[in-house]
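The following features are taken from Swiss-Prot:
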BINDING   9, 10, 11, 17, 18, 144, 145, 146, 184, 191, 192, 193, 194, 195  ATP binding site
MOTIF     10-18  motif ''HIGH' region'
BINDING   132  L-tryptophan binding site
MOTIF     191-195  motif ''KMSKS' region'
């Protein structure tokens, strides 16, 4: 079975855009791939500076993924910082990675353009990411179409290492393009993102979830008049309902005497119904945090066993003789 690997940054609360853009597909993939999913807490240090927030987010993400169906008996769920070999391999790869390659990274340039202070962690982020992927001999990496450059950089770094040392040591991972054709709109119409503060969080309290749904921006068409059925409410509603339900909502918009508030209520009910089982499961998991921590610890032990063997061989290839683990 081919190995699939993906990292999830604990940089904030997950939302329905994350779910349909990645989480749901990770769950669907776990029956056909040997899935490795890690909490990328080292990576999050490039943007998170509050220790308590990082700790809280880390466990929240594990809770979210377990609640939506990621199964520890099928997938390896682990914590990046529990496997120090990631950072050890990062140093080996840093010494064969051109600075120019890192400076050309889209993500790096975008963050600098947004005024995020440049630091070494931000610049060398792709090297750590390459180490994350290569240390497990990953066959595929699930990515969105706009993230392909990240994986291309990993492949470039792997090829550079292999060529420099005359070996075929690192496997060149292939992209597994996620179906992101239906980009989830946020409450303001832009792509749903924590950065835009326009998210709908599926595990929020019912009160908070209602506030988020009711904040969806609409036009000022009066209640009695027909409305454009191709609006943000309808687009989000389509994620949770079949075509018949979607057409019913469309007909209501076109008929008039159906307000955006009515549509938002229907959307809220759809979200609560769709995530009903997951919300209940998450509540139960929160009462058993020892289990959640055990999942992370056991997954980390399994991941580290693999990582140690890979780093031992990598150190031997470059001429380092220290191999005590």
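Every residue, even glycine, has its Cβ placed from backbone N, Cα and C.
Known features from Swiss-Prot, placed on the structure.
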residue: 9; record: ATP binding site; Cβ contacts under 8 Å, 6 or more apart: 40, 43, 44
residue: 11; record: ATP binding site; Cβ contacts under 8 Å, 6 or more apart: 44, 47, 48, 57, 194
residue: 18; record: ATP binding site; Cβ contacts under 8 Å, 6 or more apart: none
residue: 132; record: L-tryptophan binding site; Cβ contacts under 8 Å, 6 or more apart: 5, 7, 38, 40, 80, 86
residue: 184; record: ATP binding site; Cβ contacts under 8 Å, 6 or more apart: 16, 17, 20, 21, 191, 192, 235, 236, 239
Binding-site residues (145, 192, 194), the one with most neighbouring Cβ atoms at 10 Å: 192
For the motif ''KMSKS' region' (191-195), residues assigned helix / strand / coil by DSSP: 2 helix, 1 strand, 2 coil
For the motif ''KMSKS' region' (191-195), mean pLDDT (0 to 100): 87
DSSP three-state assignment for residue 132 (L-tryptophan binding site): helix
Reduced DSSP assignment, residue 18 (ATP binding site): helix
Three-state secondary structure, residue 145 (ATP binding site) (per DSSP): helix
Mapped DSSP class for residue 11 (ATP binding site), helix or strand or coil: coil
